[in-house]
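Annotation source Swiss-Prot lists shikimate binding site at SER23, PHE24, SER25, THR70, ASN95, ASP110, TYR234. The active site, proton acceptor annotation in Swiss-Prot covers LYS74, and the record cites sequence analysis as its basis. According to Swiss-Prot, the feature NADP(+) binding site maps to GLY135, ALA136, GLY137, GLY138, ALA139, LEU232, GLY255, an assignment based on sequence analysis.
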Amino acid sequence: MGHCRINGKTQVCGLFGFPVEHSFSPAMHNAAFQQLDLNWTYVPFRVHPDNLKQAVTGIFSLNMAGVNVTVPHKQRVMPFLDELEPAARIIGAVNTIVNNNGKLVGYNTDGKGFVRALTEEARFNPLGKSAILIGAGGAARAVAVQLALSGLRTIYITNRNQEKAEELARDILESTDTSASMIPWGNNLLGKRMVEVDLVVQATPLGMSPEVDQVPEFPFQMLTPQHLVCDLIYNPEQTCFLRRAKSRGSKTMNGLAMLLYQGVLAFELWTGFTAPVDVMRNVLHKQVAKG
């Protein structure tokens with residue numbers, strides 16, 4: 001049918017955020033619905049924080065299939081849901097809501113999207129591996145928790161705000177079987193840990209457009225071809241951090257893959273169908289190129 005033929009049987013899902021005008025999700029999901037000939041549509045909703053509770057009630061009242069949730073609602077939405085999956089509870093944020101026969105269930109597909117990107121795009125299995133995480137904000141939390149739930153052996157977290165890094169390490173220790181510890185920002189210990197880690201994840205905004213020359217303090221000289229280096233930034237697609245890692249021979253992955261697979265997972269939670277990943281990837285690349 002395609003998403004343009006709206007009728008009485010059309011299933012509606014969408015995005016709750018404030019703002020939402022910048023989102024790539026509508027183009028990505030609607031292209032996927034068209035590809036699979038599903039009578040579904042994805043609509044962005046600009047939801048003021050004061051109206052969030054009413055908007056969530058609207059998912060049930062309007063019989064929507066579900067929504068994505070973006071800033072500033074990812075934490076605030078949690079009390080209004082009937083159920084949370086374990087990862088969302090540990091991360092402390094929800095980015096996908098599924099209307100399961102009137103029960104609103106909160107998921108976090110950000111971290112799962114990153115891990116699926118690792119396995120699908122970089123052929124990297126976190127089971128039994130070790131990682132360094134730079135940053136301790138929302139995206140960093142999602143990635144760290146999901147890596148731990150996926151069997152990561154050890155994670156070292158460094159962040160300018162030391163307390164946030166310590167809190168994240170503590171949450172991982174309490175909720176998973178992964179060993180987690182904080183390393184002070186810019187500390188020499190980071191270089192020493194490089195010999196034992198397999199994965200480096202840059203999860204700060206440093207290097208994001210337009211400040212493309214910014215880069216976190218990091219012992220690049222310790223990188224080798226054995227390391228996989230990821231930057232969660234996708235604009236620009238090749239950050240200064242990734243370019244410096246490539247110059248050391250390390251394998252690299254940018255943030256587009258995580259953005260793609262968090263959407264893929266949300267699509268599959270709502271529809272029950274296997275997402276057309278290539279179609280979604282192509283649309284996403286075009287959207288990012290357009291800015």
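Using the three backbone atoms N, Cα and C, a Cβ is placed for every residue, glycine included.
Sequence features annotated in Swiss-Prot and their locations in the structure.
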residue : record                       : DSSP (3 states)
SER23   : shikimate binding site       : coil
LYS74   : active site, proton acceptor : coil
ASN95   : shikimate binding site       : coil
ASP110  : shikimate binding site       : helix
ALA136  : NADP(+) binding site         : coil
LEU232  : NADP(+) binding site         : coil
Measuring Cα to Cα, how far is SER25 (shikimate binding site) from ALA139 (NADP(+) binding site) in Å?
17
Looking at the recorded positions LYS74, ALA136, ALA139, GLY255, whose Cα is closest in space to that of PHE24 (shikimate binding site)?
GLY255
GLY255 (NADP(+) binding site) as reference: those recorded positions from SER23, THR70, LYS74, ASN95, ASP110, TYR234 with C-alpha within 10 Å of it:
TYR234
Do me a favour and check the Cα-Cα span between LEU232 (NADP(+) binding site) and ASP110 (shikimate binding site); whole Å is fine.
11
Across the listed NADP(+)-binding residues, GLY135, ALA136, GLY137, GLY138, ALA139, LEU232, GLY255, what is the farthest Cα to Cα distance, given in whole Å?
16
What does the structure give for the C-alpha distance between THR70 (shikimate binding site) and ALA136 (NADP(+) binding site)? Integer Å is fine.
18
C-alpha spacing of GLY135 (NADP(+) binding site) relative to SER23 (shikimate binding site), in angstrom:
23
Just checking a number: largest C-alpha distance across SER23, PHE24, SER25, THR70, ASN95, ASP110, TYR234 for the shikimate site, rounded to a whole Å.
18
How many Å separate the Cα atoms of ALA136 (NADP(+) binding site) and ASP110 (shikimate binding site)?
14
